[in-house]
Ligand code: AQP
């Protein structure tokens, strides 16, 4: 069976962008593949996190995975920090990487822009991400298209390793949704919707109350043209809202354009808000149940056991190939 692996950072309130670009695909893929879905807590600390907030974000994100429909009996749900091989292979991958290729990563450039002191972790983040994927021989990695460049680096590193030490690591493929691969901020369609944005009205959080969602969509930036048309170049804001509508309703872009032909943005936005509320309400309901039951601890324990079993075999193989002396 082909393998799938992906993760999300517990670095803030999960957004509709994370859901559409990643989580929604996780839920679909668990029925067809052997899946590993992590909370990448070691990645979250590449920017400073307050310990109590980090702990809450980790538990919240793991619970959201399950609330969104990941079945822990089908897929392994676990924390990256519960599987020591991630940090270990991360270091080994760092030693195979070059400064120049890491400097070219656009996410690094964006996240370090304007900072006086740039954390080293932010710089080497993609080598840890490569390790996350390569430990499990993942065939596919469901991500939004902002992660495509990191995945290309993962492919380069695995090919480099195989070339130098012999065939060991699987070269993975990205799995990027056709519509909604990059959901943009509600207030500025030139920026992606991001959970660590300081402006909460730029994103819809998965745990936002229905009335907050309605308000945010009502205020979302549009244009003066007043036609509901998908056009990334000329109408980026409306195009973004259509992508969200399509992903939440299951309608195609064309069906949405036809539905709102000759109507203004008022009706479109009202219906869009109800589509989003309708998508998130069952997730929020299930989330509350999971948080109050404490069941997530058992799920994470079971998930880590399975992940450790796979990852520890791979790290042993990698170290052997590289020339490390293994313990008896
Ligand atoms: N706006 C987006 N549209 C589509 N997909 C998105 N993803 C993130 N934002 C969007 C996808 O969500 C997954 C988790 O991403 P991550 O937590 O590893 O970090 P990120 O890509 O840096 O996401 P954020 O929300 O912007 O987090 P912060 O603000 O902490 O950096 C990935 O698959 C990503 O593609």
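Heads up, the Cβ atoms here are built off N, Cα and C, so glycines get one too.
Residue 145 (ATP binding site) has a Cβ environment of 15 other Cβ atoms inside 10 Å. Taken from TrEMBL, the feature ATP binding site applies to 9, 10, 11, 17, 18, 144, 145, 146, 183, 192, 193, 194, 195, 196.
The number of other CB atoms found within 10 A of the CB of residue 132 (L-tryptophan binding site), across every protein chain shown, is 27. If you look up TrEMBL, you'll see 132 marked as L-tryptophan binding site.
Marked as motif ''HIGH' region' by TrEMBL: 10-18. Listed as Cβ neighbours of the motif ''HIGH' region' (10-18) (distance under 8 Å, sequence separation of 6 or more from its ends, same chain) are residues 39-41, 43-44, 47, 49, 54, 57-58, 60-61, 64, 144, 182-183, 192-197, 203-207, 244, 276, 280.
Marked as motif ''KMSKS' region' by TrEMBL: 192-196. Look at the motif ''KMSKS' region' (192-196): DSSP puts its residues at 0 helix, 1 strand, 4 coil.
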Exercise for the section: Check each residue in the chain of residue 9 (ATP binding site) that is at least six apart in sequence and keep those whose C-beta is under 8 Å from its C-beta; list them in sequence order. Expected result: 39, 40, 41, 43, 44
Problem - ATP binding residues 9, 10, 11, 17, 18, 144, 145, 146, 183, 192, 193, 194, 195, 196: largest Cα-Cα distance, in Å and rounded to whole number - result: 19
Practice task
Express the distance between the Cα positions of residue 183 (ATP binding site) and residue 132 (L-tryptophan binding site) as a whole number of Å.
Solution key: 24
Exercise for the section: For residue 195 (ATP binding site) and residue 132 (L-tryptophan binding site), determine the Cα separation and express it in whole Å. Expected result: 21
Practice task
May I ask you to report the DSSP-based helix, strand or coil state of residue 11 (ATP binding site)?
Solution key: coil
